[in-house]
Each structure stands twice: as structure tokens, then as C-alpha cells.
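Q: My structure is below; once you've seen it, I'll send some questions.
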């Protein structure tokens, strides 16, 4: 969990003259930052640009307007962006809560208990995380058509859980494993039942980990597209699908600036979340994929 | 193996050599209860669809029977649906089986497979090389390390659907890409530009993630190894090839495995950026896009195709794990691997 935080940075040796090592380092840093942020910056600049200047190439905002955001929320062209935002929040919240509830217990058992078939359970969870969504979408499509679930919220939440659950189990297992054993032990000595020890000692300690996992799960659900594009209706459509199908005032005309405004709205909360919780997200991500 | 139930009294040796007792050990029933919800959920959301897909794939699509002209419910098809994809055999209106005509989805199977593997090979190679370089930079000490790591997470945090729209705009005919390059390329419409656009967008989005995984591996390498190598007069390049590379390899292999599997199921990016089109109309159709196109025409052949896709991805995962020895199913009870032993 703390691998990334404690990693000792290499020291530089400076002995006068130009320090080529740090020139190379900072050069690299600039390249990486520009590479990562330039397209995102371009999206934001375009989002604030008057639609008549869509293809303006000035690298800073020109003809600034908020009209594009109004257009994004405008329902007269058949777009329902506000509803889609609400849908994504609702689907993401349900997926996260269920994934966390189910995943926490499994992660605790995997990290802190001895039992038969542990490696098999781990293998199943890992296998599930590598699963191609396209392999389950056909039967789900048919099943949901038969039981009239097409376009319902549960038809979107249930498949999402299959992506989120392996992630929560893996991330939480590594967090639980790194927790001190003594606290739980002494709680048990003091007469706590295993359930009480878990509730009173482990859970409070795990709150930050649960929070990190919740962010990761929510982002994963927020990003889902394949299943939602097939199983949602106009009413339950999440934002990813809504943005992909954004219609302009004229048919066959791509409303670029409105799409960029919508993209900005969808992305900025996530980016803020990522900036604020950067450390924990990184440790959660690497814990989920690299164990060692 | 963790499968063996140790006597509760037997203390386990923790990695540090410290005694680590499983205070809950010997409670297999409780563990089973805690694990059960996950197993049940996974069985419902993944197990059932998989079994159901295989069953569906062995049935005929319902539709008009070519010989009688009547609407039929399908029936058992045996491996017909698989033959349809693998050997591109189609049944024509008069009931004759023959090669699929161009334009039929069946004729696209091998091309889509080729494109899917091509995308996976190119994007993962680029991401590995670039990600490794980024990780080495991020591992150095400099002012604003935290900021850099946050910046690197931005492409990862943007939903792929939005990423696809963003690059669609960048690669528009009047867009910034053509302006900066002084070109007039139909980036999302022509065969190779479309493929290039997808590769670039994918590399932009996922390299940071790869870099973070590699960085985690890099940070487990103790600094004194480098100091010792420096004292022995090893050059920076020698230190990279004989210390960094071998030691970071396990982390690198896991990252590569994850990325390959991700790239093989690529859907959002090509579906939105080029609509699977470009050039002949399907120059960027990946297997996932083909499955979705087929779902709209018939479930059962779509099931066969999704089963084939799944088996292909599974085989690749299996081979990668075998060849590279990536230890992905790592046992929490085993001592953590020391970077140096």
C-alpha cells in the first residue's frame, strides 16, 4: 500500500557546472505533462469557444462563451444530458455500494483467514477481472429481452458489478493484509467476537481503504460503455452513451463544441477527484494489479 | 498452497520472520460464508452468461427458413455457427452453403481478428516502451513529483467514450491535427490514418496507467544496489540494463499482461472514433465491434463469435502467463517477493 509513498528517490550529485541529469529529468517531466494534459486542455478550450470558431487554432481560449454548456443541456435536439448525468450517478452509486458490500467480506476472508481453495477463489476473481465484456453481452441482451429488463436500471447495474467486484476484492485484500494484526488480536483477547472485532477495529481502520476502493469502483462504473450502449434505453442511458450519440441542430453535423462542453462536465469532477486523492488512487490501482 | 488448512495452533511465518498468527484460522465455515456472496454474484453475472452463450451458440438463429420460406424458431445447429465464423461459410437464400459474400459479417471474421491483434501488439509495445521511460523519469527525485503523478492520472480518469470524442475532434478534417501538420488527411475515414488515430488515442489514454504499474515495480528496487554499481563504475546504461530491467521485469510482465487483455477487448475507442470504419468500411472493426454488429442480426451466431473471442483472449492470457512467467495469481500467504534475494 505504501510502496509508492516510501520509495526512496534517487539523489543527485551536483558538482558545479550544468547538471545534465536534472536537465534530462525536467525535460522529461515537461514532455510527460504536455503529452498527458494537452488533449485534455484542448477539450476545455474548445468547450468555452464560440461555436462559430470551432476550428480556431489559437492555443488559448478565444471568443469565450458559456453557450456550449447550455447547448449540452438543451433537450430540444433530443439530447438528455442532464438525465444521463443523473443516471450515471445513480448507476455508479448502486454499483459501488453493492460491489463494496460484497467485496469487503471476501477481501477480509482472503487477507486474514486460512481456508481451503483460497488460491482458487483468488484465481476466479482475477479471471473475472480479465473477462471481455463482449463475452457476456450477447446472453445478457437475450435474457434481458425475454424478462423485459431492457432499458431498466438493474440491467445496467448488475453487469457493472461484474467489472467492479474483482477490483474491490483485489484492492481491499491487499489493504487488509497490510493492517497490523495486533489490534485485531487484542480486541479478541478482550472478548470481542470475530464479528465485533471486524466491526469495531478493522472497519474503522479500513475506512480510508474503503473510500479509495469506492472511488476506483465509481470511476470504473462511470466509464462503462459497451454494455450500456446495448442494454440502456433513452431513459436510463448513462453519460458515456449519451455523449457518443450527441446530436446537433442539423443532422450529420457534429456539434463539436457542445460535445467538448459535455465531455468537460463529465470529466472535470473525476479529474478533481484524481488530483485530490492522487496518492491513494495510485496505491489502490497498483495494489489491485501488482501484488508483491 | 494456501489450500491446506493448517492447525490453528501452528503459527505462520510472516515475510519478516515475525510470527504471524491467523487469529481466525481453522474457521473454514466462516470464511466460506464471507466468500459466498462474491462467488454467487460472479456466478450470476459471469458464470451464467458464459454457459448460456455456449448453449446459444449451438442453436440456429430464428428467422426465415430458406427452403420453406416459413419463420422458424431455430433449433439445434451443432457447430454451424462456429463454422460460419471460422471458415466464413454462409447459407444463401436457396439453402446452399458457400463462402460468405463480401459485406456479410461472416466474411469479416479473420480481418477483425487480424486488426484486433494488430492493435494489441502495436499499442502494448508502444505503451511498454513509453511507459517504462515515463516510470524511470517519475522515479527520480524532483520538485513536483506529486503533481506529475496527478497529471499522469488525468488521461486514465477520462472515460474512454469522452476520449474517443476528444480525439475525433482533434482528428477532424479542419481539426488541430491537420492544422499543426499542414496536412489534409481524413484521419477517421481512411484505412491507415484511422488505425493510426486509434493507436495514438489508445497510447495516450493508457500509457500513464502502464507507467504507474512499472513505477510501483521500480520503487521496490533498493537504492543501494545502484550506489554499489556506481562505485563499481557501471555506466547509466549498464545500470539500466543489468539492474533496472531484470528487477522490474516481474512488475512489467504483469502490466503487459493486463494491457494485452485490455487491448484485445477494445471496443469503445474504435466504435466511437471511427465507427469501426475507415477505408473499406471495416478497417478498424475489432472483434468486439463485430460481436455487437452481429447481435443486431442474430443472437446465436453472435454468441458463437463472442465465445470464439473469449477463447482467443483466454488462450493469449494463458500463453503470456506461461511464456513470461508473470505471477498474477499471487498467494497472499507467500512471503512478498524481495526485490533482491
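Residue positions begin at 1 at the first shown residue.
The backbone N, Cα and C atoms fix where each Cβ goes, and this holds for glycine too.
These figures come from a predicted structure and were not determined experimentally.
Here's the feature list from TrEMBL:
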type	residues	note
DOMAIN	A:85-277	domain 'ABC transmembrane type-1'
TRANSMEM	A:23-44	transmembrane segment
TRANSMEM	A:89-111	transmembrane segment
TRANSMEM	A:120-141	transmembrane segment
TRANSMEM	A:153-176	transmembrane segment
TRANSMEM	A:197-222	transmembrane segment
TRANSMEM	A:256-277	transmembrane segment
Q: Using Cβ distances below 8 Å and needing 3 or more such pairs, separated by at least 6 in sequence, tell me whether the transmembrane segment (A:23-44) contacts the transmembrane segment (A:256-277).
A: yes
Q: Which range wins on Cβ pairs under 8 Å with the transmembrane segment (A:197-222): A:89-111, A:120-141, A:256-277?
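A: Result: A:89-111.
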Q: Among A:120-141, A:153-176, A:256-277, which stretch has the most Cβ pairs under 8 Å to the transmembrane segment (A:89-111)?
A: A:153-176
